[in-house]
Amino acid sequence: MNNQPVILAIDQGTTSTRAILFSATLEILAVQQKELKLHYPHKGWVEQNPEAIWQDTLEVCHAVLEHNVSMVGSVAAIGITNQRETTILWDRKTGKPVYPAIVWQDRRTDIGCEQLKAQGYEPMVTARTGLLFDPYFSATKIAWILDNVEGVRSRAMRGELAFGTVDCYLLWHLTGGKVHATDVTNAARTLLFNIVEQKWDADLLTLFNIPETILPEVRDNAARFGMTDRILFGRGIPIGGMAGDQHAALIGQRCFRPGMVKSTYGTGCFALMNIGSDFKPSQHRLLTTPAYRLNGKMVYAIEGSIFIAGAAIQWLRDELEFFQEVAASDALALSVPDSNEVYFVPAFTGLGAPYWRPDVRGMISGLSRDTTRVHIVRAALEAQGYQTRDLMAAIEEDGGHHAEIIRVDGGLVANKFMCQFLADILNKPVEVPKITEATALGAAILAGLTVDLFADLEVTGCYWQRDKIYTPTITETERERLYAGWKAAVQSLLHASRN
């Protein structure tokens, strides 16, 4: 094993940073993880410390290599996958950030997005980026920093500052400040990148008043991004793959054929369908986004984004103290026959697709004298299925394919109740892979492609293995009754917000 090549995957997520060593046959050899704090300085604001993101990344990489010293010299390449949209601006000379990272969940630019929408710009933006006006994406976050942090706009105009999503920021530091680049999937989440022409869009830069001088170069997902600074790991290691977390998961789940769907359940939930090489704007207020680009050839996906998934279960643990470990939610949900007509709409940071209502907030409905904490826990897990169903019909219609099966991954898929309910409410089989670290796995595959460990994406398909399959068990009548209750709860929330 010592002489066999290995791949180091960096998975920088919203709430943790992981370093995972993969073998050349894509088996997990070692994992190190560190939790990452979120900060909430004002209502609707969500920030992180960029320097903590970098230091945590370095720490977990060192830890995984120090615990596997015999493999250090065998690391053939590094792949990076990351929380998307989170926005960082830093000084090109010092690498120091000029402001905390504004996280993808942050809603401070709500009003600006609504103003641009009211001015009629959204159809043009959607036609070029595949996205909608929402604080979720990077452009209004960049503009906010430029306009609200003293001296930043003038420094940006002088070329002193660099912008990047987390992948780009990590690449900059890993290469000792030598490389300012991103990949097509992360660039596509900024509202500034034209995914049809595959370049930064001058009209969009003007619309958001963002200077092109701060933007990184955009590359394929499998590319020679640069070499790590020798001081970090004792030698230079090629960085060969980068992709936003959901795109990396699509690759990790081997969704290489049009019509294949993966759904990731982490902090949020993100369902993507591979739609092939043709750009198709969504007709249902979903997102069209690059799945990946290799050798200059783009493959697109339709995406439905749900802002709160596993975060709702963490909230029940941390804020309401319903249980001590997230894993306990599974047994609690199974201890009662149903949720006793309770519906939990986890709109903590607004509703994502297909509603796109950043202004609404969460709701628990159907409470009665005999409601217990167990019913609320079960309702929170059921919400993951309901939210996914909200997406799937629209994804299938937009994508032009019927999904026969859904491959799921992320931390929440360890919850057997959630996976079974997902199969029941979607009326589709749900597959869980043996390796649920699909995001890191996708980054490893991309890095391996670059250094010729794999001839192409397809050959990695033979390494995908199913761990479990969940099939529907409830009647159509029960399925539709449950879903009608969910729709009524959401409409009640939307109506209350309008009033």
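Backbone N, Cα and C atoms are what each Cβ position is placed from, and that goes for glycine too.
Taken from Swiss-Prot as is:
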BINDING   THR14, ARG84, GLU85, TYR136, ASP245  sn-glycerol 3-phosphate binding site
BINDING   THR14, ARG18, THR267, GLY310, GLY411, ASN415  ADP binding site
BINDING   THR14, THR15, SER16, THR267, GLY310, GLN314, GLY411  ATP binding site
BINDING   ARG84, GLU85, TYR136, ASP245, GLN246  glycerol binding site
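Excluding THR14, ARG84, GLU85, TYR136, ASP245 themselves, the residues of that chain whose CB lies within 8 A of the CB mean position for the sn-glycerol 3-phosphate site are, in sequence, ASN82, GLN83, THR86, VAL103, TRP104, ARG189, GLY244, GLN246, GLY268. ARG18 (ADP binding site) is 19 Å away from GLU85 (sn-glycerol 3-phosphate binding site) when you measure Cα to Cα. Annotation note: TYR136 (sn-glycerol 3-phosphate binding site) sits in a coil segment as assigned by DSSP.
If you compare every pair of Cα atoms in THR14, THR15, SER16, THR267, GLY310, GLN314, GLY411, the residues listed for ATP, the longest distance is 14 angstrom. The shortest Cα-Cα distance from THR15 (ATP binding site) to any of the binding-site residues (TYR136, GLN246, THR267, GLY411) is found for THR267. Candidate binding-site residues: ARG18, THR267, ASN415. Nearest to ARG84 (sn-glycerol 3-phosphate binding site) by Cα distance: THR267. With respect to GLN314 (ATP binding site), the closest of these binding-site residues in Cα terms is THR14, chosen from THR14, TYR136, ASP245, GLN246. By neighbour count, meaning other C-beta atoms within 10 Å, the densest spot among the binding-site residues THR15, SER16, THR267, GLN314, ASN415 is THR267. Taking the C-alpha positions, the distance from ASN415 (ADP binding site) to SER16 (ATP binding site) comes to 19 Å. When the binding-site residues TYR136, ASP245, GLN246 are screened for a Cα within 10 A of the Cα of THR267 (ADP binding site), none qualifies.
The Cβ neighbour count for ARG18 (ADP binding site), using a 10 Å radius over every protein chain in view, is 22. For the binding site of glycerol, formed by ARG84, GLU85, TYR136, ASP245, GLN246 according to the record, the largest Cα to Cα distance is 15 Å, rounded to a whole number. Most other Cβ atoms within 10 A: among the binding-site residues THR14, GLN246, that distinction falls to GLN246. Report note: the glycerol site is defined by ARG84, GLU85, TYR136, ASP245, GLN246, and the residues of the same chain whose CB lies within 8 Å of the CB centroid of those residues, excluding them, are GLN83, THR86, TRP104, ARG189, GLY244, PHE270, SER305.
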